[in-house]
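Visitor: Below is one structure. I have some questions about it.
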Amino acid sequence: MANRLSDLFSNSRLVIGLLANLLSSICIVFINKWIYVHYGFPNMTLTLIHFVVTWLGLWVCQKMDIFAPKSLQPTKIIWLALSFCGFVAFTNLSLQNNTIGTYQLAKVMTTPVIIVIQTMYYKKTFSTKIKLTLVPITLGVILNSYYDVRFNLLGMVFATLGVFVTSLYQVWVGVKQHELQVNSMQLLYYQAPMSSAFLLSLVPFFEPLSGEGGIFGPWSFPALAMVMLSGLIAFLVNLSIYWIIGNTSAVTYNMFGHFKFCITLLGGYVLFQDPLSLNQGLGILCTLAGILSYTHFKLAEQEEGKSKLVQRP
């Protein structure tokens, strides 16, 4: 009975974490879109502000004794911080140089690349059933993006680099939590300011610092208020990402990301009457079928693992 209550509590925490990530991720997409369209705020600068606000939020949390900071050597997390900067830079460059369809198609390749990295370098094994669930998911994204896929050499270079660095970043988020014996808040507390410093050094190469459209430009109060609101929601997004990966895996988080992609498409159709073709509808069904299959097989494997542990003398 005690084990069942413990499992129920753990599952409830996971569901709450996933819901927090789902709601905050959807909110931040619409708020950021509003900021870009109505105020023209620079993309990378907004990401920098997100991480600064995340660190300030964590600083407040530790002052309120919500968590206790753990002393970490900067050399232990420098590659994690750098990979985050690469992930942001190459993802933005991919979006800038590719169509939305090509960009989305590249993003879905993150999941198989994560599986390859974890198999080759971290000796993690995945069953054939788990690997096969990638087929309907990839097919679903292709169906959603088919008419918007356009290939160009520079765009493909940025997309490939983006997929590789993003995969490394997500794998390392989970690895570092276990390796350094820290929780999501403790790791993010040290990584956020380091990534902010690295991003600050990248911003001048991609965006203006002053004048129209620059971080030190003449922004109105409503624009700054929306940016701060975006930063607060980004704090929830970043924290929930670290928590989900630390308590599940990078692959599970990616599967959840595909689910969010489907929800966003359906939300655009229901709320804003965005056009949804038959191919896109089939694509959403294929992706959801793959996600449900992954969830079913993953839960079955976990139950099998628990039963084996119980049977051991």
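Using the three backbone atoms N, Cα and C, a Cβ is placed for every residue, glycine included.
From TrEMBL, for reference:
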DOMAIN    23-294  domain 'Sugar phosphate transporter'
TRANSMEM  12-35  transmembrane segment
TRANSMEM  41-61  transmembrane segment
TRANSMEM  77-95  transmembrane segment
TRANSMEM  101-122  transmembrane segment
TRANSMEM  153-175  transmembrane segment
TRANSMEM  187-206  transmembrane segment
TRANSMEM  221-245  transmembrane segment
TRANSMEM  252-272  transmembrane segment
Visitor: Tally Cβ pairs under 8 Å between the transmembrane segment (77-95) and each listed stretch (12-35, 41-61, 153-175, 187-206), then give the stretch with the top tally.
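Guide: When the Cβ pairs under 8 Å are tallied, 153-175 comes out ahead.
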Visitor: Does the transmembrane segment (12-35) come near the transmembrane segment (101-122), with 3+ Cβ pairs under 8 Å (pairs 6 or more apart)?
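Guide: These two stretches do not touch.
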Visitor: With contact taken as 3 or more Cβ pairs under 8 angstroms (pairs 6 or more apart in sequence), are the transmembrane segment (187-206) and the transmembrane segment (41-61) in contact?
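Guide: Yes, since the transmembrane segment (187-206) and the transmembrane segment (41-61) share at least 3 Cβ pairs closer than 8 Å, they count as touching.
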Visitor: Near the transmembrane segment (41-61), which residues from the same chain, at least 6 beyond its ends, have a CB less than 8 A from one of its CBs?
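Guide: Distant Cβ neighbours of the transmembrane segment (41-61) are 32, 35, 67, 88-89, 92, 185, 188-189, 192-193, 195-196, 199-200, 202-203, 206-208, 213-215, 219, 223, 227-228, 230-232, 234-235, 238-239.
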